[in-house]
Amino acid sequence: MKQKRGKQDVKMVESAPPQLLPKKGRLEISELAPQQRTIRTAEEIEMAYNEAVRKHPFYDNADHTIDFHDATVFRDARGVVGGVLLPGALPAFAATMAADVLRPAAVRTSLRSNMFGGFAPLSGIAGYFDYRGSPVELKCRKTSFTYENVHSWPNVFPMIDYVSAIYKAVFPERWAAQDAAVPDIVRIHGSPFSTLTVNQQFRTASHTDAGDFDMGYGLLAVLEGKFEGLSLALDDFGVCFRMQPRDVLIFNTHFFHSNTEPELNHPKDDWSRLTCVCYYRAALGEPACVAEYERRLARAKEIGASPPPAVDAILQKDNGNNFNKPAPTFTYSLTPFGGAASICSLHCCTAKLLRLHELLLENPTLEVILFGESLRTDDGLPRREKEQLISVHLPVVVKMSPSGGFSELGGALKAAEEKQYFFEEKYLADELGPDLMSMWTQSRAHWLRLVKEDWERLCRRDPERTKFTWNNSSAMNAAFFDLCEVAKQMMIGLLNKETPSSAENHSFWILFAAHLNYACTTENGMPRDAVGMHKLNVKLKDFHFGGTRYLKDMPPEEQERRLERKKRIEEARRRGNAARETHTDNWLLNDTFDYQQEDRKVEFEENGWMTPEAYVKHLGLKPCGDVTAAASPTEPIHVLVVLPRPAAAAPKDVKRDVPLATSEESIRLLMNPAAQRVLTGKARNVTLPSPLSFGGVKITVLFDGDDIDCIHPDFVVLQHLLAAIEEDEAAKARVKYWAHVARYCVFVVETDVRDRRHFLLREEVRVAYEDVAEDCFRSLHAAAYSTKCNRLRTTPSLIALSNSKNIGLRFKFRGSPLNTIALIVVGERLD
């Protein structure tokens with residue numbers, strides 16, 4: 001980009017925690033709000049949900065066949081890349097710096113409620129946006145969040161630079177096309193991205209990202225969080241990408257995608273997740289926006305704007321054809337071999353895996369030989385009824401606390417304690433005028449001093465005391481109400497509006513209380529909960545409603561003094577607002593040519609950080625090449641299937657020990673047609689089949705423990721072997737052993753005793769299932785393999801046996817009567 005002025009070099013530093021920013025809704029912090037902030041009837045909630053999911057349904061993990069865990073390149077049936085998963089690809093410091101800036105960008109917005117079951121999610125945009133179809137009069141410019149956070153915005157740049165370098169390394173041609181199309185004045189820090197979408201605790205329903213550049217990809221980065229599940233799913237393809245903080249996913253945002261359910265032990269458990277999607281908003285390169293840039297530039301030159309424009313002229317680039325429609329999907333039947341072919345660490349054997357994938361599709365009977373059952377069973381475990389599952393949004397309606405107090409339910413108190421630093425002076429100074437900041441500092445210090453004096457007096461009477469006694473007629477109480485008056489004006493000043501919303505009130509006052517409670521501990525040396533959040537909450541409500549010894553009960557001269565004090569506080573707040581309104585209040589009216597004024601150079605080496613170019617080399621990233629063809633039918637491929645050794649032959653007249661199917665759950669598990677075939681059929685490991693050959697493909701079947709001196713397989717399939725091994729260490733040793741035997745990888749095929757919709761089951765259904773599941777699956781396993789079933793495990797425990805770092809993917813056998821899964825364990829990465 002041609003510049004009239006040089007870029008300003010600045011040393012990048014770790015950004016401070018997010019400030020309470022002066023934008024509507026910025027104080028609506030999800031962790032601090034009650035579980036439901038508005039009152040809606042059950043009928044209204046149901047109606048909104050049904051309307052939303054009619055167009056944008058939610059899909060659960062059980063609705064998808066493959067969960068990718070490791071670095072992956074997933075392609076459609078025509079070989080076009082749909083998604084590239086890169087675990088841990090984003091440097092930790094860059095993720096943290098970006099999170100600290102972008103966290104407040106995610107605000108409650110009804111604009112995306114159709115993707116959240118009719119509820120307003122926490123979501124926002126940063127960078128540049130066209131505002132096409134929006135009532136905002138001035139288009140094609142910085143988002144309000146970027147405008148209001150221009151000073152901290154450069155701390156996002158390291159993340160942007162790394163993500164851009166990753167994109168360029170993996171898809172150089174797509175990166176170049178996107179880079180060539182994006183107008184220079186709306187690109188974020190020289191990247192091919194114009195816009196960021198920031199989501200917080202947002203499980204999206206199925207959707208496409210209309211408006212993204214058709215010839216490029218979007219890049220999803222998980223910046224921070226404590227969560228399990230919430231995989232990014234490509235819904236039409238039946239695949240999920242499991243992600244954790246610092247993971248990056250490059251994917252076609254024009255495919256329908258969504259998030260699977262959060263995996264919580266209890267529906268009300270706390271979880272957090274902050275993500276950022278980087279993309280080019282194609283409308284910013286269309287003629288209408290280019291005309292807007294030209295108009296603003298001409299005006300800036302006419303008035304001699306200072307600082308001067310970053311460019312001399314606006315160039316209309318070739319923006320390609322952007323249809324804002326879902327991309328065509330070319331799906332194919334999924335198999336464990338086809339899924340494994342997508343795993344990057346198995347690229348050396350991709351051709352062989354694709355040959356096995358083709359062979360399975362050509363000969364479906366091989367599924368039973370290799371895995372013990374078909375990949376899909378239509379009459380097996382039936383799908384759960386809607387009534388057995390919890391709602392996406394819990395049907396809990398909590399009445400909002402009156403303004404001035406806060407709800408003490410759920411995880412709000414814990415979240416407030418973690419964020420109490422919002423009220424520290426260094427984070428408020430830039431948002432409030434000096435007069436109001438001085439009042440806050442002095443009032444806070446005065447109240448803390450009086451609290452300390454009262455506490456020391458109480459402790460002299462009782463040295464073992466742990467709780468503070470609040471005297472409603474004390475000077476400390478009066479100082480607290482005075483401090484609340486200052487805080488109230490701070491809230492109005494921060495939000496820049498006289499009437500904050502209920503959620504903003506709630507978030508502000510719970511943070512305020514958490515900060516004071518923390519200060520009593522750290523500055524006054526009091527026990528952690530000596531004052532306590534509950535007591536502060538009660539006093540805040542006293543303040544709001546004119547409680548004991550407040551204004552209406554005070555002598556006339558004291559009332560007059562306090563009213564005068566309140567007036568001075570309001571004036572201080574207004575002076576502070578006036579001082580900053582040129583930067584914050586005027587976003588709607590901002591008609592300047594301020595594009596790229598926020599750009600700064602990132603001093604990577606000065607800060608001791610790897611440059612993006614060096615970093616992608618460090619990661620070993622290479623361009624996604626052409627589609628790998630399946631190996632020729634004559635190429636030698638050896639698959640070894642290992643079965644559990646059967647128990648000693650039992651008399652034919654001895655009946656199998658099958659539990660009675662008396663409960664609804666046991667009937668579901670044992671009485672479906674596929675389960676009945678298992679219970680009445682022949683065991684799969686009574687006799688070993690002879691080796692099979694299909695051209696160059698050889699399949700050998702043997703028992704665990706047999707001599708394998710002359711066998712050197714490419715792939716090993718362990719067919720329900722671990723269920724016969726009770727001790728985890730022994731089971732882990734068998735997986736490790738067979739992983740060393742396999743030239744490439746091992747397919748661990750086992751029963752998952754956990755219900756596929758475990759995290760969605762109503763509590764009573766989950767309890768009923770868990771009461772009978774183990775006994776039922778033991779019977780099914782004994783019938784299928786004629787061996788004692790010593791230990792059934794869940795997916796997490798099976799992953800633990802194989803070392804989670806070695807897991808490439810999980811494949812779920814659809815409708816399997818044994819609830820079978822296959823884990824791909826990459827042998828070459830084992831110790």
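Along the chain as shown, the residues are counted starting at 1.
Note: Cβ is positioned from N, Cα and C throughout, glycine not excepted.
Taken from Swiss-Prot, the feature Fe cation binding site applies to HIS207, ASP209, HIS257, supported by similarity to another entry. For ARG273, the entry in Swiss-Prot reads 2-oxoglutarate binding site, with the evidence type similarity to another entry. The region 'Thymine dioxygenase' feature in Swiss-Prot is assigned to 80-282. What Swiss-Prot records for 409-578 is region 'DNA-binding JBP1 domain'. What Swiss-Prot records for ASP542 is site 'Involved in J base recognition, conferring specificity towards J-DNA', and it gives similarity to another entry as the kind of evidence.
Residues near HIS257 (Fe cation binding site) in space but far in sequence (CB under 8 A, at least 6 apart, same chain), listed by position: THR204, SER206, HIS207, THR208, LEU232, ALA233, LEU234, ASP235, PHE251. Of all the binding-site residues given, namely HIS207, ARG273, the one with the smallest number of surrounding CB atoms inside 10 A is HIS207. Comparing the recorded positions ASP209, ASP542 on other C-beta atoms within 10 angstroms of each C-beta gives the minimum for ASP209. Cα spacing between ASP209 (Fe cation binding site) and ASP542 (site 'Involved in J base recognition, conferring specificity towards J-DNA'): 48 Å, rounded to the nearest whole number. In this structure the C-alpha atoms belonging to the residue listed as '2-oxoglutarate binding site' and ASP542 (site 'Involved in J base recognition, conferring specificity towards J-DNA') are separated by 36 Å. Classification of HIS207 (Fe cation binding site) by DSSP places it within a strand. What surrounds the Fe cation site, by Cβ distance within 8 Å of the Cβ centroid and not counting HIS207, ASP209, HIS257, is the set MET115, THR204, SER206, THR208, THR253, HIS254, PHE255, PHE256, SER258 from the same chain. Under the DSSP three-state reduction, HIS257 (Fe cation binding site) is assigned to strand.
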